[in-house]
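Input: a single structure, listed below in structure tokens.
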There are 2 protein chains.
Amino acid sequence: MSERVVIDQLQSLPDGPVSVSGWVETVRDQKKVQFVILRDETGAVQLVNPATRPVADSPDPQDADALALTDTISALATGTFLTVTGELKHDERVKLGGVEVKIGALEIAGAALAETPIAADSGLDKRMDWRFLDLRQRRNNLIFRVATTLEHAMRTWWIERDYIEIHSPKLMSSPSESNAELFSLEYFGDQTAYLAQSPQHYKQMAQAAGFGKIFEIGDVYRADPSFTSRHATEFTSIDAEISWIDSHEDVATMQEELLAAAISAVKAKHGAEIEELFGVEVIVPSLPFPRIPLAEARDIVAARGHVTQRTDGDLEPEGERQVSAHVKETFDHDFVFVTDYPFEIRPFYHMKDAATGLTKSYDLLYKGVEITTGAQREHRIEVLEAQAVEKGLALGGLEHYLDFFRYGVPPHGGFGMGQARLLMLLLGESSIREVTFLFRGPTRLAP
Amino acid sequence: MSERVVIDQLQSLPDGPVSVSGWVETVRDQKKVQFVILRDETGAVQLVNPATRPVADSPDPQDADALALTDTISALATGTFLTVTGELKHDERVKLGGVEVKIGALEIAGAALAETPIAADSGLDKRMDWRFLDLRQRRNNLIFRVATTLEHAMRTWWIERDYIEIHSPKLMSSPSESNAELFSLEYFGDQTAYLAQSPQHYKQMAQAAGFGKIFEIGDVYRADPSFTSRHATEFTSIDAEISWIDSHEDVATMQEELLAAAISAVKAKHGAEIEELFGVEVIVPSLPFPRIPLAEARDIVAARGHVTQRTDGDLEPEGERQVSAHVKETFDHDFVFVTDYPFEIRPFYHMKDAATGLTKSYDLLYKGVEITTGAQREHRIEVLEAQAVEKGLALGGLEHYLDFFRYGVPPHGGFGMGQARLLMLLLGESSIREVTFLFRGPTRLAP
């Protein structure tokens, strides 16, 4: 590769020849001098060129190269990718990093059309149409560097603790969660395949397989017609499942330690830049996170004057916000585990507590939004079958799943967490669309 | 959680009380003494119990608990998950790790049916029917620990070099690679979605977005009707794409360094166990890998006496084996980049070399099998469109993809690598089915 220097390294180099590559963010084409702001994945730098304009009755022949360079810069469209070799100069008067590069030669690598279809302040839908341009914004680039750090910190935490990473199939012969919100496709003529709504079946299978502790980060699919800021038809799910637990509490403990480690890594690497570009302070959560049983959470919501519209006893989005507000005011904490959900509003595979009849499960709320459901799973086949029947499910459709429990399985549990929700809340964004590389929704399949 | 000790820690503990959890691998139910081999995700240990059998005319009353424990052990089915608390004792006569646990109490956590449907020597298809039992084998467990280490080493190598990890959507409005081998589905009534055959479009989009260097590890889909040991309808693809390259050589250099680092990590962590269970020495490849232009590779194949059946000039599987055999004999190397493929046998988006007309691309062979295609991409929109037309493609269907090249894009290239092929060859396995958590093929959608 050419001896390209990435832009955030320029400040540490001495004055002298350099080569930088990036795209044109702005051009200031003044009569006597031309400035180009060039951005790459690490930062931006000012390029400068003393303009050589054609003089009608020049007494001496003009420098053809200098004329051509000036013309080229005048004609540069925003977004054009180019490489400049030139002279780096430190100059504290230059606001952008205290350095500039005097252009020696300029090579256009990929010219842009003159008219850019979006601006930084275009509406979200328009920006999604042109996501590849939208992602050139510095704050959008940061989102994906933060996501990379967040995930890598989680994987590292797990792997240091001997977890196995799995890639479970997303093509299945039967639904993984429910018969609703399910994508199906024709599979080699006479078969029907379903797209996995979660890795639930298979992360439990890994427990029957004796894997002990596993995680998976992968895409799952929901044919969910909703258009809220928290839903997508394809999203990255962060899942873990562990054996030999006593209750969902062991899962919650794992998850809170994991999150504290991951958020701590984000703060260390990107905290200052997040504060600058998102106006958000990254707060590493203290351990343990607060826990509130659902019944108590409902009382808190009511005491705060919110009248629920739901009749099933679950929290609605406003209820979740109220619980989180209470926790923030009372414990100064951004996270809260809401625990002990009744079986009626939980999947059939959540284990019931023998004493209370409530499930050994939790939802994790972060800044007012649910990001996770976790639970101990029912691993006793007779009980599991009875719970499926209680939910009105046909055991035939669950045949392969139920088989996992017939040849020995340890007590186990786990959680699933939406990557985009976590990221959205961490950065104080208003929609998962902003933090998803390419969002997919009912009316959004492209680009 | 209970104070469970994982089995590979037992040897380092002093004699005394311990609690272990796992599943029953075998029971030796002798008259005077009972032995259980208990396995967990880390190893196996011998449990021992002095049998207390009912005596018809016992002069003294027998110990009811001891009788019950003996009965319980006699009735244990293979695969049953249980927890034993007992006394750890070091005894060098015990072949299995030099320790045993005298059973104090035994608690069955998940009983298995008495008849196990498969044995270790069952056929592959039968084992795939009962994959969760098949995965309990020690060597199968090792496969997924190796996969975890391999992937984490790759991610770490990339992230240390400031790559961004992306999750590109697998639901698309148009095919990502070709109109063949394509799964499609109805999407909210009147739309058709296609499952991504690769992240090709979107990893290139990340270059237009100025991300610079990215990677993705995620599942992709091919409606491929073949039943070979190297093909699947869903597989995990390891992809990277980088900007500002001079040619495919920059991609190859990145990939060989990445692979050497990843294989080195596997050797360090699992080398001895791989040698024990797979009879394979993990060899960290030396750098650089050999490179052979395709035309020369064909000559090598011919010189070795193999007559090709193909008329398009590409290597067939036997040709790939011959080239790798030649490289092994000549350079003692397991990898070889075959380079300079004619455009006729490459996708439309591979860049042509101006001088030769051949593509700036490579295949990477590992132990005789192709695991990767890499290339510099054509980023000049007029050339790219002309190449698409040359391949007979309709530009309309590529509309969103082609847009990525209209608003500036740097020169770039990348590779895609099949995770299962890499793992299969590393471990000397005969089929990707053996190294895939749950294989998906034309007749395999379950479990």
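Even glycines carry a Cβ here, placed using N, Cα and C.
Note that this is a predicted model, so its numbers are computed, not measured.
For A:144-447, the entry in TrEMBL reads domain 'Aminoacyl-transfer RNA synthetases class-II family profile'.
If you look up TrEMBL, you'll see A:GLU177, A:ARG222, A:THR373, A:ARG377 marked as L-aspartate binding site. Around the Cβ of A:ARG377 (L-aspartate binding site), the same chain contributes A:GLN204, A:TYR349, A:HIS350, A:MET351, A:HIS412, A:GLY413, A:GLY414, each under 8 angstroms and 6 or more positions distant in sequence.
Using DSSP to sort the residues of the region 'Aspartate' (A:200-203) gives these counts of helix, strand and coil: 4 helix, 0 strand, 0 coil. For A:200-203, the entry in TrEMBL reads region 'Aspartate'.
Reduced to three states, the DSSP call for A:GLN419 (ATP binding site) is helix. The ATP binding site annotation in TrEMBL covers A:GLU370, A:GLY418, A:GLN419, A:ALA420, A:ARG421.
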Least surrounded among the binding-site residues, given as A:THR373, A:GLN419, when other CB atoms within 10 Å are counted: A:THR373
Distant-in-sequence Cβ neighbours of A:ALA420 (ATP binding site), under 8 Å, six or more positions away: A:ALA232, A:PHE235, A:THR236, A:ILE432, A:VAL435, A:THR436
Additional residues surrounding ATP, by Cβ distance to the A:GLU370, A:GLY418, A:GLN419, A:ALA420, A:ARG421 centre under 8 Å: A:ARG230, A:PHE235, A:ILE371, A:MET417, A:LEU422, A:LEU423, A:MET424, A:ILE432
Cβ atoms near A:ARG421 (ATP binding site) (within 10 Å, other residues, all chains): 23
DSSP three-state assignment (helix, strand or coil) for A:ARG377 (L-aspartate binding site): strand
Euclidean distance between Cα atoms of A:GLU177 (L-aspartate binding site) and A:ARG421 (ATP binding site), Å: 20
Between A:GLY418 (ATP binding site) and A:THR373 (L-aspartate binding site), the C-alpha gap once rounded to whole angstrom: 10
C-alpha spacing of A:GLN419 (ATP binding site) relative to A:THR373 (L-aspartate binding site), in angstrom: 13
